[in-house]
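Engineer: Quick one: this structure, given as structure tokens, is what I'll be asking you about.
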Amino acid sequence: MDNNDNLKAFSFTCSEVFCQALGSLICDLNQETKQSKVNNSARTLSEGRTRRVIYDAFQVWSKVSKLTFQETRDNNADIVLKFASGYHGDNYPFDGPNVVLAHAFFPARGMGGDVHFDDDEPWNDRMAKDNTVFLLSTAAHEIGHSLGLGHSKVQNSLMYPYYKYDMKEVKLEYDDIMGIQALYGAGAGGIPRKPVEPTTIRTFEEDDDWTTTSPIMTSPHSTTKAPEPAPQPCDGQLDAVARIRNEIFVFKRQYYWRFNENGELTSRPSEIHRFFYGLPKNLTNVDAVYEWADKDRITIFIGRQFYEFHGTRLLQEPKSLTNIGLPDKVPHVDAAFVWEYNERTYLFAGKKYWRFDRDNRLVEPEYPRSIETVWERLPAYIDAAFTDKAGTTFFFKDDLVYKFNNFFMRVEKNYPKPINEFWPYCAKVKSQNLVAVAANYRQHQETELHSDTNVHMNGHSGRNSPTVTNYSTLIAVILLFHVICSFTLCCELTYQES
């Protein structure tokens, strides 16, 4: 942020609404009257002044849309706003003064739609030049997220991801207005006239959870090609797996998924740089990830560099692997994890591994050592590794997973196993795919039988028969509906304080 002294970053967190029932999602976005509750006042403002500012922030959006807001004391209000410090119950602790001002959750059940402000900030109810933070502009921005809007690339828009100290007034630009009207309809003032320059605002369907905290860094893993469709976490070779804040993060290409401790998927695929802000937007993959839970530190290895985060905030520019004592001939780290057996951090690369001294920030002098001679039955050149909540370490290579026995120092007898049988979610997907294949086979057989009957009765192939076409369409619709329902009901995201 050194190049922009007049900017302070907002933090945004998505509520991962995909795992909620589809009807709930549609209902949230069609709800024109929303109830709000202000839990408490800012440390630096009275209750009355705090509530007045929040009221004005809601009016910013209601003036241009069909939305109306009603203040209530009900804890189940659609939007609950509160001021808090540090850990405050949602797994996204605040960092004290500066950098992260607030975060919001997209509309959904439970915590969805809620807005949290860092109470360590010097909040003010007016725009001042004394380094205080203008609550109205921050609240209006975060409420935009809680209504379903993502960030905008238009610098003057309210949904631009940076706080401006020199903002003269809080108003919506064309980008903001078109975004909210796309979700909730136009207000009495109608649709605004389109400006000359194109706009880029995004709704939450495009914007997953990400945090804006620091400038973009360069990386050896980069591309200028258009992004490909997201891969599947069950299809094989993974780039990295890490246990972070009691969730399992799975990384593949430029995407990540979240699993709960039971192996159930709790998020749709999201771009890594949207969560770990400060990673390059055009990265193609990460190599290894691990969390130092006691310090709330997350390290991400990409090529010959590594990035260190406090939560989702990048601490400093990336460093070279030589800074921690790895030789120049190591092109990248294959896997990194904290081994439960001794609480030490291990780095695997090729046929060798190193033990990393977190306090001294260097690999230990008696390393590297051979994977083959120490980690019995474990192959070299692994793809990923992590330790679960029970202390069991799992390694991944290609489409296989290896469960390691810490006592006997060898891979368990019934392993390796296919990845698509390891995660319960993947097992469900595999089962659904088998059902779909079987259904398609039955459909094909029945269609052939119908065609043969038409040949026998009518003297032609029957391929243009409307009965066959309609039946096939009906089967396809039923199968699609079954897959959607099975997926949306199989996962539910909850936030727990770590």
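Cβ coordinates are placed from backbone N, Cα and C, and glycine is handled just like the others.
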Engineer: Taking TrEMBL at its word that Asp239, Asp383 bind Ca(2+) 4, choose the one of Asp287, Asp294, Asp328, Asp357 listed for that site.
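Structural biologist: My reading of TrEMBL gives Asp287 as the candidate in that site.
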Engineer: What range among 186-209, 210-233 does TrEMBL describe as region 'Disordered'?
Structural biologist: 210-233
Engineer: In TrEMBL, the residues His88, Asp90, His116 are said to bind Zn(2+) 1. Which of His103, His141 is said to bind at that same site?
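Structural biologist: Zn(2+) 1 site check in TrEMBL: besides His88, Asp90, His116, the record includes His103 out of His103, His141.
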Engineer: Between the binding-site residues His141, His145, His151, where is the Cβ count within 10 Å the lowest?
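Structural biologist: Least crowded of the binding-site residues His141, His145, His151, by Cβ count within 10 Å, is His151.
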Engineer: Could you check which of the binding-site residues (His141, His145, His151, Ala336) sits closest to Asp114 (Ca(2+) 2 binding site), going Cα to Cα?
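Structural biologist: Comparing Cα positions, the closest of these binding-site residues turns out to be His145.
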Engineer: Can you tell me how far the Cα of Gly112 (Ca(2+) 2 binding site) sits from the Cα of His151 (Zn(2+) 2 binding site), in Å?
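Structural biologist: So the Cα of His151 (Zn(2+) 2 binding site) lies 17 Å away from that of Gly112 (Ca(2+) 2 binding site).
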Engineer: Rounded to a whole number, how many Å is the Cα of Ala336 (Ca(2+) 5 binding site) away from the Cα of Asp78 (Ca(2+) 2 binding site)?
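Structural biologist: Cα-Cα distance, Ala336 (Ca(2+) 5 binding site) to Asp78 (Ca(2+) 2 binding site): 41 Å.
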Engineer: What's the CA to CA span in angstrom from His145 (Zn(2+) 2 binding site) over to Asp78 (Ca(2+) 2 binding site)?
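Structural biologist: That comes out at 13 Å between the alpha carbons.
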